[in-house]
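Right, one structure below, let's go through it.
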Amino acid sequence: MEVEAILAGLIPSWSSVGLLSCYLGYLAVAGSVLPGKIVPGALLSDGSRLHYRCNGLASLLLLVALLEIGIYMKLISAMVIADKGLELLSATFIFSVFVSLVLYAAGLKSRSQSSSFKPHVTGDFIHDWWFGVQLNPHFLGLDLKFFFVRAGMMGWLLINLSLLAKNYEAGTANLSVILYQLFCTLYVLDYFFYEEFMTSTWDIIAEKLGFMLVFGDLVFIPFTFSIQGWWLLKNKVELTKVAAVANCLVFLVGYRVFRGANRQKHVFKKDPKAPIWGKPPKVIGGKLLASGYWGIARHCNYLGDLLLALSFSLPCGISSAIPYFYPTYLLILLIWRERRDEARCSQKYKEIWAEYCQLVPWRILPYNVLLKLHSPAYVSFHWKLGQSQSKMLKSQHANNGEVNTNGAPFDSSIDLLEYKTMTRLI
């Protein structure tokens, strides 16, 4: 009986179609008319550059305010999204398929030679439909790639807020629910506060717009990132204080790494001479940043993203694997994307990339650094290194007849050999 109800719920009603249409319509209008910072995008291969109106935070806050007014006036229910979850899922999926087919057809007909609109056709329908034909297709002045990811992130928060309303009504809004909702809300608000950083991400710069991105933005982000919220609606989890504190630490560390790495990358692309962690940036070949988080691992931002995803699931406890679908999926996705990044960068930067890989050998997790920081050998080495460096500084005056601390002439060749031998340990 439950399976039949689920299948019946997957058939979208006219009310769910209307709800989706109003939502996307609002975002289109708000994105076009609300004030926002105009941010130049990355320089494209033909020398052109798109500009993005980053008013996502204003659009989100205005939408929430309008919904609050509608709820207060009883024009709409706070739980309507949660009540029509399956219908909205199927309606959004159908819309994603339709849009991706239109994008494919429009791309084939394009005769533009600009980087944004030039068609990249392989002749394989599945490949071209899935990955897309054009880099930055527009519709009525809207950059569709930027628009869809905004709709997905905002939709995720709206689903969560509707689920929170149902939790509140049922009296099940406990610590687990509050932590999950808090972490997700902070993440989404942070995303829109730093929305301009999105203009320098892989999706915006390099990915063409096809079903993969359309489905990922409109369906996958809002409806799978909120699985934990749906699960907590049906399952009560009581967290201990220790578990709650540990969960908060995972979120804070993940946020620090994720936001810090992305900020450093964005700032470097805008100003390659801007200091990183208070020091001039180390740059490989004048193109690749090898300082800060990007000097620790080549995709350190992925590590932060994975920790954040884990923090969204930890409030659900460990009694079921269902709430951990998102971090598990994200791990697989980011490993796959990291391989694609590596291949693309190797082809684009050639020997510069090889040099960067030698300097920063760790892909996502710098596990050797973590091990060394806590090992007795690492502590012992740095004590000895300090002693050796002290000797080397004193040796600078050896040619003037000065002596070392033992009263004998300083043998710089022996101490330099000792120094090089110890540095091989790390």
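Every residue gets a Cβ built from N, Cα and C, even glycine.
Annotated features, as they stand in TrEMBL:
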type: TRANSMEM; residues: 57-82; note: transmembrane segment
type: TRANSMEM; residues: 88-108; note: transmembrane segment
type: TRANSMEM; residues: 147-165; note: transmembrane segment
type: TRANSMEM; residues: 177-197; note: transmembrane segment
type: TRANSMEM; residues: 209-233; note: transmembrane segment
type: TRANSMEM; residues: 239-258; note: transmembrane segment
type: TRANSMEM; residues: 306-336; note: transmembrane segment
> Near the transmembrane segment (147-165), which residues from the same chain, at least 6 beyond its ends, have a CB less than 8 A from one of its CBs?
Replying inline: 23-24, 27-28, 31, 56, 59-60, 63-64, 67, 78-83, 85, 173, 177, 180-181, 184-185, 188, 191-192, 195, 198, 203, 209, 213-214, 216-223, 225-226, 229-230, 232-233
> So are the transmembrane segment (88-108) and the transmembrane segment (209-233) touching or not, going by 3+ C-beta pairs under 8 A with a sequence gap of 6 or more?
Replying inline: yes
> Going along the chain, which residues at least six beyond the ends of the transmembrane segment (177-197) come within the CB cut-off of under 8 Å?
Replying inline: 37, 39, 52, 54, 56-57, 60, 150, 153-154, 156-157, 160-161, 164, 167, 225-226, 228-229, 232, 239, 244, 247-248, 251, 255, 259, 262-263, 266, 308, 311-312, 315-316
